[in-house]
């Protein structure tokens, strides 16, 4: 058939080069001494380079020619599916890696000859088919100018691949070019060079690895965590750039394990998920805990779904461990947000390791996880979490007052330093909590008595009674008042040492002997006889008490509450050598303890120490039935910026801002503690 014009013949030039390479390795095959290890390995290396160029040639034809032809004609498909290039490359690599002895070389040579002859018999007709079948189809489906553009692109790609593969070795480059005759070179590059613009000729080819690290960092900022991990595998320079802290400020490993690769800053509060979704997560977590790796495989659909859930949780745990071991040691100081909400594989040890590696966290979300107090041991140092602004522990039902004590230390001390602080030495006396067995009183209740160390300052004040009601048998405030009177008598009958005498003494905050049980703000709670105030100056540790002073205004009759932290001539161990921490304002703005049913007034008082919470705007204490109105009042007094609309606590507590606060968020909630869950 008549030859096609050179301007639009897209196959002849590259095929000329491929045929030259076939002739070259055929000649070497007959001349190589396979019993000589040096000649054997040299021939295999040349074959590896040759077939790598073959594979690149086929890729260029697929991308620049065949894909375009498939778009125009649907009869063309899988043109290069069976060229066996990958199998040949694997054969050469195996020979270079595994064959060592002369006997193995001779056996391998026989196999190699058979495979090369079979490949050559297929490859030469394959190129002929492209020239005689597909070139006419290109002439039919493409215009003359389109074919010129296609050929230009094909030749540019071939030249680029040859330069990249051999530019590191000048001898190899010259040797490769010597295979081309002058006429062949002229034919191959005729329509690839003269149509370039002047700017394209001047432009030098630069490898991506030569880009400045500043530019790479700017590009990487547009990538997600999955793409960054892939870029880290390219080369050592890219690995170093991908470990830049600014690329990992916000971590969401649980979401990443589920295929959601969001890495931006945390937005507004998300809506609570529905009960069904939470239940499915809990079921998956239980299935993962009960999973037996050595058990027999169940092929049922239900078992298949369970295996899928277990596989997802395995990915989550693997990702969490990888972040702890590989990522955080390099970028932990730059991490600002860490969201681990709804993780079924998270442990307290993992959280403790993460917090120790991320000292500058501002946002921590542990919603509905199985962590305990030990997860926060790395915050025991004064100011260890001084930058923390958002802490969400919703649904963490293992959290107790110990976590709040640690949090109080970690947030730092913003109280005004005084000369007395420098003279304090002895540690404070601890608070002891006794739970005496009370006689039945018609309804189930429990009296928690906070006692002082015998001989401590302020020991003349009576103990504080905090009533813990049975959620199943709730009553109104009038019944509680009756329990208060009867509870005092019962305590005397128990005979605990010092209790009867303590009850006979008057509380330092009492101003009247009238009996009653009211905790509202319209009248001060210490105006009534047996209802003790519950303030820290009367019932908490003598080391760090919160004095609440009341100045009744002549016109309104309301109380102005002022709270300050003071030390009675003794010091906590944490207050030594902390002059650099004093005066720094605590940054906490959001605190959610929803469902943390073990939290008591003691924990709240501890958080209010060392300067209070001056910036706190959101406080959620839903599902915390052990808290009383007195404890809530102290938190409110220590949080001047608190937004009442974002203040949540149990509806059974007669606490501050009862008419304007948002109440309990856990009503009718199926996955968090609520005192009315029996309704």
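Even glycines carry a Cβ here, placed using N, Cα and C.
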Which of 130, 132, 140, 145 does Swiss-Prot put in the same Fe(3+) 1 site as 15, 57, 61?
130
Mind checking which residues of the chain, 6+ beyond the ends of the repeat 'LRR 2' (343-367), have their Cβ under 8 Å from one of its Cβ atoms?
254, 266, 281-282, 284-285, 288, 313, 316-317, 320-321, 323-324, 328-329, 332-337, 374-379, 384-385, 387-396, 587, 592
Drop a 10 Å sphere on every Cβ of the binding-site residues 58, 61, 130 and tell me which sphere holds the fewest other Cβ atoms.
58
Count the residues of the repeat 'LRR 6' (596-623) that DSSP assigns to helix (H, G, I), to strand (E, B) and to coil, and report the three numbers in that order.
8 helix, 4 strand, 16 coil
Neighbour count, 10 Å Cβ-Cβ cut-off, for residue 15 (Fe(3+) 1 binding site): what number do you get?
19
Additional residues surrounding Fe(3+) 1, by Cβ distance to the 15, 57, 61, 130 centre under 8 Å:
11, 14, 18, 58, 60, 127
Enter the number of other CB atoms within 10 angstroms of the CB of residue 57 (Fe(3+) 1 binding site).
22
May I ask for the residues of the chain that lie six or more residues beyond the repeat 'LRR 3' (368-395) and have a Cβ under 8 Å from a Cβ within it?
266, 278, 281, 340-343, 346-349, 351-352, 355-356, 359-362, 402-403, 406-407, 409-413, 574, 578, 581, 584, 586-596, 615, 620, 671-672
